[in-house]
Amino acid sequence: MGNCMDGIRNSCDRQKNTNIKSSLPAVCFVWQLSMIILFGVFVRYNVESDTHWVEHKKKDNITSDIENDFYFRYPSFQDVHVMIFVGFGFLMTFLKRYSFGAVGFNFLVAAFGIQWALLMQGWFHSLDYNDGKIKIGIENLINADFCVAGCLIAYGALLGKVSPVQLLVMTLFGVTLFAVEEYIILNILHAKDAGGSMVIHTFGAYYGLSISWVLYRPDLDKSKHLNGSVYHSDVFAMIGTLFLWMFWPSFNSAIADHGDGQHRAAINTYLALASTVLTTVAMSSLFEKTGKLDMVHIQNSTLAGGVAVGTAAEFMLSPYGSLIVGFFCGIISTLGYIFFSPFLEEKLKIQDTCGIHNLHAMPGVLGGIVGAISAAAATKTVYGDEGLVNTFDFKGSFANRVPTIQGGYQAAGLCVALCFGIGGGILLPIWGDPADENCYDDEIYWEVPEDEESVPPVLAYNNHMIPNKHSNSAGKSRTWQHSSEY
Amino acid sequence: MGNCMDGIRNSCDRQKNTNIKSSLPAVCFVWQLSMIILFGVFVRYNVESDTHWVEHKKKDNITSDIENDFYFRYPSFQDVHVMIFVGFGFLMTFLKRYSFGAVGFNFLVAAFGIQWALLMQGWFHSLDYNDGKIKIGIENLINADFCVAGCLIAYGALLGKVSPVQLLVMTLFGVTLFAVEEYIILNILHAKDAGGSMVIHTFGAYYGLSISWVLYRPDLDKSKHLNGSVYHSDVFAMIGTLFLWMFWPSFNSAIADHGDGQHRAAINTYLALASTVLTTVAMSSLFEKTGKLDMVHIQNSTLAGGVAVGTAAEFMLSPYGSLIVGFFCGIISTLGYIFFSPFLEEKLKIQDTCGIHNLHAMPGVLGGIVGAISAAAATKTVYGDEGLVNTFDFKGSFANRVPTIQGGYQAAGLCVALCFGIGGGILLPIWGDPADENCYDDEIYWEVPEDEESVPPVLAYNNHMIPNKHSNSAGKSRTWQHSSEY
Amino acid sequence: MGNCMDGIRNSCDRQKNTNIKSSLPAVCFVWQLSMIILFGVFVRYNVESDTHWVEHKKKDNITSDIENDFYFRYPSFQDVHVMIFVGFGFLMTFLKRYSFGAVGFNFLVAAFGIQWALLMQGWFHSLDYNDGKIKIGIENLINADFCVAGCLIAYGALLGKVSPVQLLVMTLFGVTLFAVEEYIILNILHAKDAGGSMVIHTFGAYYGLSISWVLYRPDLDKSKHLNGSVYHSDVFAMIGTLFLWMFWPSFNSAIADHGDGQHRAAINTYLALASTVLTTVAMSSLFEKTGKLDMVHIQNSTLAGGVAVGTAAEFMLSPYGSLIVGFFCGIISTLGYIFFSPFLEEKLKIQDTCGIHNLHAMPGVLGGIVGAISAAAATKTVYGDEGLVNTFDFKGSFANRVPTIQGGYQAAGLCVALCFGIGGGILLPIWGDPADENCYDDEIYWEVPEDEESVPPVLAYNNHMIPNKHSNSAGKSRTWQHSSEY
């Protein structure tokens, strides 16, 4: 039935494989052992997390422990951490029978990804050339979480259609590509991207979409009945939405400059997100026959403003500028869900489970453009002499940069993110995805309890049409039994 | 059937209108555009979130970026933000079929309200007379969240009985009234109210209750079957309860004075809330025939201590004083649910869905009284000379205030909050609420997935009494289809 | 049917008593009143939360309010607070019909425990000998939360099998024992235990396990059908898991030394936890016939790394050291669930509902050992002269301690924790537990709504086999009625 599109998209030849008994433990053990070895060789505490900090303080005339970067960034770090594990994890629980996979595989992928990210980003950004060691502190932890966010965005497109082993492979490659792309954009091009509109969202989304294109399933209708929500799964997803929404100001300000930089980034993000909620609700109601709201839009499009204000969050975007960005993002993202997602699936053969094209790809690109324009438009009148230099870091070998040039490099950065995302996804070796009829189903990778609840006792006793299985066994019992099965 | 009570309460004449297709998008778009224009004209960054901060630091001899107010208040701000969006949102998900409306409309109302609050509060409190601009920083964001809390409290009384358009109107008026009331209480009367027992809770609760009185529905029994919880919706509501309970110390300390002020406010709130839990449990068990606990009490009354300690949180209330406040609040609030709510509904014709009279109104008034008494009882022995002046801000034109006088002004502040709440609610123009039989039902404003789960597959196949609808369609499918309906 | 094992284990003689109508309110009221009296006599604000702070600042030449300990610890405190109330509470909601009891009794126990802990720990650690008062600040609140964590761990073993009154008694004794044990370990032995591997986890776990041994129920099979999860209760439990996992770095760093101490503790915990996730997933898949993952492991064993790195978190464990600790904990903990829990139940007659032996006991002991070894192995080369003294607090009467000796005292501390845990649990007077057939059932202590949802309306109307009860009453209605039952 399926049509083999071309050489790259090899869905017909791939053997469907849902048994992960040998591959998953092997991958986890081998990779975790590798992490230990690599950390042993390369990773040490940085000066602010080492016991020698007390000597460092004296040398640098630091009078108080509160000057430790920990106190500038730890609250934001924890907010970002919640976004990665609860935000992304629960946002994907909307599927009626893939909540375990959503929150569980998100957990697995992120826990692996942050370790690999500490290494990859460390080699590029935190290598101490005196001793060849990567020196880590709180900012590295935030960046590792950021890096993983890119891969979790990609997971959104693949949700329900790939195995955990595939996800780990995707994360290994994704983190590697991310670190290279980030180095090119931030260090070589010297573009600014505090909230990662380009580096995280654009890259992550196109990475996921191109993997989804490679893995196209012409017969996905076989599991169509599971590709939807139930009442309570939609409420669970709102936990993810709200924690992402609330903590996004921390996301965009976490690695911004100390002082006014972090302060401004938080304000801009707060405003952009508020604006997005109203236009999302408006569009959702406007394009439905009877004016009813669609949970898909409320869960996702309300977040688009945070994505799009990422690059420019620490710039002098001004409060109304942030509102404008949020205003258009809510519109674009909701329209994307209504019109563009069906088009993507039917015409471009990209099956995007969570609609990351609407939540991350389009707003990410928009954010890159907003960043380029607002950088190019920066003036000394608005920023002040020192403020301009500090905000855009026109120092060292970049001391001669001027805002208009900076705008050009910002745009170049966006292109790099796009290329890495699309190219990386297409070239990724991937295999072992589940059969079409097993998609969106926790049963294949998880021990799933039977839901006794859905059979009220009175029914179970009186209704002889129900097989014994339902009246006897009552969910997965946690009575500890050393059963013969082990 | 319904009796028209009087001119103000016009429930009989109002046309029931559940179609929000034209009104909701229109209101959202027009208001969001107005926000952008007003922000463009009026709102700028304040000195601590502007790139000119670097010059300001030099001028004021500020040696470290950590002195930026952002680092004093951002962690508390994020906790408050969680209370507003997850706390209030999930607390209201207890209804079996109104969880979307609870968490979704809470989201919409708050996202609009914070923008309007930044403007309204800005004009009163943060206007820079040099250039006519409102200068915003982190404290403004906290205050905007606080302001919205008043409206969300009011939503608690109306939950399930009003349309989102009505809620937006209620928020527009509520935020406006709040800003005026707050200005009178805090600036003109110079009352202190760090945690907003008066300004937020008393005002918000009576605002909601008087709107509920205006919107009285004599035939609400038609949707009685939906005005209750199911097992999992009660667990969802506990998410709201706990995040409110845990972060309430941040709520009451968020805008308290730097240093000991914030520190003490957090301690007092922590203790008051702990005490409330025990008396709530005691009362809940005591007044039930078989001693069982009622989730309604645990979800709500456990929070009353945080409300009541709001005004006095930054005073030298002393740890046992906080425990005493919490002790009585748990009792009063639980008794309110048991005895007063039925009385309110039957005799006063006020239908209060979440029982905000017990959670916010009574504890809020109590908090105002506790604040007045503890202010009047303040002495230099306890506070220290400077401490007394700092805590009550007896400076500038209020340099001659003494504690006893301050107590009187605190009491006056409570009266102002009551008047604004009751008066505002009665005079609010409101229209377009859903029909009685549609109350507490997400179906009228949301695309609701059918719950396949509740029909176990084995039933669906074998039991011929189930119509096709249930065996075929399986929840709302997220397969992207550019259907003709758009 | 039950066999009376010995004198201590008196399960046969105990009268089963599920009516808590008189005992629960009595205990709550009497204890809360006692707390008020004791706080009135003993507890005051410390210098940093008192209005005299302004004078103190001048005296000590403190130039900024940001030096107040509040700003060093409040963000971590709030994270710990979330772990105690949402983390522990929701982790235990996995049971299909005990979610109210899990989250509700956790709430009650913790709210009481923190008050008693402030007193008990205060007498040992924060007594001002000048005026005989306990002076509390933010660090006391964190320690109170920590102390309660020990009792909540114990609750994990007893979940579903004890009454709330028993839990309160268990908490009263547990907190008391904790404070004594903590004083011996931290002050007399001068062992370090920032994250409480010994003081909190080892003590709490063995305390709970030995109580569970005393309360052994040979006929627990009677409620076996309720000792298991349903799909959505497993998702609720993941909320608990994730908030514990994400905020564990705050737990282990909350009371560590200012500056590099807190910084390093957070990094070590972050890494240990990441490593644990991978080995947990590996073992869970490896030991299941078809390689499927088990939610029990994912919910619990993923956290073991945080437990085991507790003692050594502020030491120079080095990043790869943390990964190694996490690596083995994931393996040991998962193996515990697979092999050791059945053994505990069948052979040792210990029924451990949540498997705390695998999550807290074994990793806690391991953490104590890791702490002892890494303390003994500490050198001036690694720590620096001052760093070594600061980290292990080799000051005052302990100025002559050397690392090897410190290692010995660390090991002694572990033994003290074990003895107090096991001894305390066995000697605890406990009575009034529910009958075997009522275990794991919210019905006996809570008003539980009937789940209309599980009977689709179409069924309720057409299927005559369903009794009227189900088609008429629809969940617990929240229509306020002053019913005659009160």
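From the backbone N, Cα and C atoms, a Cβ is placed for every residue, glycine too.
Those TrEMBL annotations? Automatic predictions, nothing curated.
What TrEMBL lists as domain 'Ammonium transporter AmtB-like' is C:69-422.
Within the chain carrying the transmembrane segment (C:24-45), a Cβ under 8 angstroms from the stretch's Cβ atoms is held by residues 112, 115-116, 118-119, 122-123, 132-137, 163-165, 168-169, 172, all 6 or more beyond its ends. Marked as transmembrane segment by TrEMBL: C:24-45 (among others).
For C:98-119 (among others), the entry in TrEMBL reads transmembrane segment.
Counting residues 6+ beyond its ends, the transmembrane segment (C:165-186) has Cβ neighbours under 8 Å at 20, 23-24, 27-28, 31, 105, 108-109, 112-113, 116-117, 120-121, 123-125, 147-148, 150-151, 154-155, 158, 192-193, 198-200, 203-204, 207, 211, 413, 416-417, 420, 424, 428-433 in the same chain. According to TrEMBL, the transmembrane segment annotation covers C:165-186 (among others).
The annotation transmembrane segment is assigned in TrEMBL to C:198-216 (among others). Long-range contacts of the transmembrane segment (C:198-216) within its own chain (CB-CB distance under 8 A, at least 6 residues past either end) are made by residues 5, 8-11, 146-147, 149-158, 161-162, 170, 174, 177-178, 181-182, 185-186, 191, 307, 310-311, 344, 348-352, 356-357, 359-361, 363-365, 367-368, 371, 413-414, 416-418, 420-426, 428, 430, 433.
A Cβ distance under 8 Å defines the sequence-distant neighbours of the transmembrane segment (C:236-255), meaning residues of its chain 6+ beyond its ends; these are 73, 75-77, 79-80, 82-83, 86-94, 99, 139, 142-143, 146, 194-196, 229, 261-270, 273, 295, 298-300, 302-303, 306, 309-310, 313-314. The feature transmembrane segment is assigned by TrEMBL to C:236-255 (among others).
Only residues 6 or more beyond the boundaries of the transmembrane segment (C:267-287), in the same chain, are considered here, and those with a CB under 8 A from a CB of the stretch are 195, 245, 248-249, 251-253, 293-294, 297-298, 301-306, 308-310, 312-314, 317, 319, 321-331, 333-335, 338. The transmembrane segment annotation in TrEMBL covers C:267-287 (among others).
According to TrEMBL, the feature transmembrane segment maps to C:320-340 (among others).
What TrEMBL records for C:411-431 (among others) is transmembrane segment.
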